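**Student:** For reference, the structure I am asking about is given below.
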Amino acid sequence: MAHLTALDTLDVRFPTSSELDGSDAMNPDPDYSAAYVILRTDDPTGPEGHGFAFTIGRGNDVQRVAIQSLEHLVVGRSVAEITGNLGGFARSLSADSQLRWLGPEKGVMHMAVGAVINAAWDLAAKLAGKPVWQLVAEMTPAQIVDLLDFRYLTDALTRDEALEILRRAEPGKQQRAAHLLDAGYPAYTTSPGWLGYSDDKLARLARQAVADGFGTIKIKVGRDMTEDVRRVKVAREAIGPDIGLAVDANQRWDVDAAVDWISQLAQANPAWVEEPTSPDDILGHAEIRRRVAPVRISTGEHGQNRILFKQLLQAGAVDILQIDAARVAGVNENLAILLLAAKFGVPVVPHAGGVGLCELVQHLAMIDYVAISGTMQDRAIEFVDHLHEHFRHPVRVRGGRYLAPRAPGFSAEMLPASLRDYTYPTGAAWRADPADADPNSTPGVALPQQQEIL
Ligand SMILES: [Mg+2]
């Protein structure tokens with residue numbers, strides 16, 4: 001019987017700030033990074049479990065240590081015990097009282113728990129020979145609710161209600177899985193809209209997105225109102241009236257400022273306005289939503305745990321929920337959030353981008369379609385075309401749709417060469433002298449002045 005022998009962590013960073021990819025109103029110079037974890041076993045022919053927490057650079061210093069601190073809860077346990085009871089495993093990681101004190105169930109420690117839980121799902125799915133979405137979709141309703149922690153949820157969602165939602169979705173599961181494999185899942189793209197891009201680049205990439213088959217694009221706003229009104233107009237003219245145009249403020253505004261700003265942007269008929277204010281401000285979102293209706297409000301990519309999502313729904317604070325695969329405590333907690341959203345009839349439009357977030361979150365949206373909400377209506381997975389080449393099983397987006405992953409696992413595993421070259425600060429991408437860098441050999445290696453670490 002195999003046992004876990006190591007929880008190894010790596011600090012992997014990509015120098016994306018050199019191109020202003022990913023730049024928004026709150027995050028002007030992100031270096032997309034993964035605090036990466038590998039679960040190793042004593043089975044020499046068996047798989048490893050890979051997972052990560054996503055940060056935008058220096059956060060990796062802290063995040064990696066937090067992941068490493070969970071080692072004592074993982075190493076030495078039997079693989080069968082963990083993969084056979086992923087609900088119990090998830091609860092055991094959140095329940096270490098000395099570490100729980102740092103949250104509880106929020107922030108760096110919770111993201112660390114999420115990274116390890118997701119790595120365990122990668123391991124379990126590889127051992128089952130299935131992609132994670134399929135592994136979960138093929139479980140019975142009772143097996144799925146056993147994965148969840150209903151503590152603090154039962155005033156909004158009981159175990160019986162969750163079972164009822166899952167049982168309602170049982171008929172047609174096989175047909176939906178077949179349809180998913182055949183037709184994929186809708187995507188929308190944020191690639192045209194980073195705040196650091198010129199109007200020309202925005203218009204060109206927006207037109208390209210439409211030509212590529214995307215039904216919705218998203219642009220970043222929130223730095224300057226006049227500039228935003230202009231950029232929204234540029235984007236709208238580039239894509240025409242029939243393509244969705246979402247805007248994302250990345251938490252930039254106070255409540256009154258959000259209302260003013262959104263009123264100005266409403267002329268472009270936004271598909272939704274994302275993260276208008278602090279991710280923790282449930283009543284603020286409710287107030288903004290009430291005052292700008294019928295403009296739709298969304299948030300969730302920085303939502304710290306299932307309790308916050310419960311309250312967003314209870315308060316009628318959002319029209320759309322946006323889960324993130326690496327922010328909360330892994331697959332298990334995201335399943336609870338998907339079930340909450342189904343209970344309240346709110347569509348989930350997952351957040352992705354960064355490095356690896358598209359790879360992970362596609363599985364969750366697909367579980368929602370096959371086994372929970374049973375619909376793709378009014379839903380799409382965010383897609384940003386960055387850094388997929390570093391993954392062993394990168395996302396495949398064709399004609400504006402995510403093709404369902406078929407490889408066993410959670411699509412989380414990076415290529416060994418990428419792990420080596422982008423390890424911070426010793427990997428080749430970080431050691432290169434910018435003056436000598438060949439831009440054709442290692443994209444993004446020419447670092448701006450403030451990023452030099454030589
Ligand atoms: Mg966003």
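In case you wondered, yes, glycine gets a Cβ from its N, Cα and C as well.
Please treat TrEMBL annotations as automatic predictions, because they have not gone through curation.
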**Student:** With TrEMBL as the source, which of 5-29, 280-304, 430-454 is set down as region 'Disordered'?
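**Tutor:** Matching range for region 'Disordered': 430-454.
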**Student:** Mean pLDDT, the domain 'Mandelate racemase/muconate lactonizing enzyme C-terminal' (199-295)?
**Tutor:** 97
**Student:** Summarise the domain 'Mandelate racemase/muconate lactonizing enzyme C-terminal' (199-295) by DSSP state, stating how many residues are helix, strand and coil.
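**Tutor:** Residue counts in helix, strand and coil order: 53 helix, 12 strand, 32 coil.
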